[in-house]
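Participant: These came from Swiss-Prot, pasted as-is:
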- 38, 188: substrate binding site (BINDING)
- 114, 161: ATP binding site (BINDING)
């Protein structure tokens, strides 16, 4: 139902993302059925906000020029009440990076935050103790309580990626048990997750459901790719193949999650 809708609608997903994984994000978006636009030129942001279904922001290789484009774009998408996904990469690592991410979080209508547990901990007011882009934080009951409080206070969905993924709203939490350890052996897996959230949010009004379906789809594609891969190189290629061949029946049959 959801993937079929994506392939029928072909939503335009505007990315302002990092230059390490921009190609992965574009190919993953195309594979699942969307049309990515990778545009960070500040003078274009208003025009793209009018034609695109969703905005995905990733601060992995942030600099002042790109940050200003993100602010401009987030302003226009927010004014149009269109979904905005933020991946605050390495939040908590440096003061300059934190300042940019916190401005995005505090000044604009971010719909979905996709990050690892350390980054989300920094978002919700816990000490994330981030180490680069690696996750060093364990999700526990206190973390989940604080995350739900944040989601309620800011009307946002939190997507916590890890060995177990969490989708957190003000009212409910989903735990996803699908996935592959191979996703940690390549660059871009987390960035592609944010892209998937953007794709699904571009066609699904309920952002909790959009985030849940996005992460299930990506995690299941990772499982399918691992089954036929010999290492990280073939896994990367097979992941794009798996996303392009994935359908709603695959997700229904293989989904392993619970709502708590």
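Yeah, the Cβs are placed from backbone N, Cα and C, and that goes for glycine too.
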Participant: Looking only at C-alpha atoms, tell me how far residue 161 (ATP binding site) is from residue 188 (substrate binding site), rounded to the nearest Å.
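Facilitator: With distance taken Cα to Cα, residue 188 (substrate binding site) is 13 Å from residue 161 (ATP binding site).
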Participant: Based on DSSP, name the secondary structure state of residue 114 (ATP binding site): helix, strand or coil.
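Facilitator: Its secondary structure by DSSP: strand.
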Participant: In whole Å, how far is residue 38 (substrate binding site) from residue 114 (ATP binding site) when you measure between their Cα atoms?
Facilitator: 18
Participant: DSSP secondary structure for residue 188 (substrate binding site), reduced to helix/strand/coil, please.
Facilitator: coil
Participant: Count the other Cβ atoms sitting within 10 Å of the Cβ of residue 38 (substrate binding site), across every protein chain shown.
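Facilitator: The Cβ of residue 38 (substrate binding site) has 16 Cβ neighbours within 10 Å.
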Participant: For residue 188 (substrate binding site), which residues of its chain lie six or more apart in sequence with Cβ-Cβ distance below 8 Å?
Facilitator: 20, 21, 24, 25, 236
Participant: Out of 114, 161, give me whichever of these binding-site residues has the highest number of other Cβ atoms within 10 Å.
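Facilitator: Answer returned by the neighbour count: 114.
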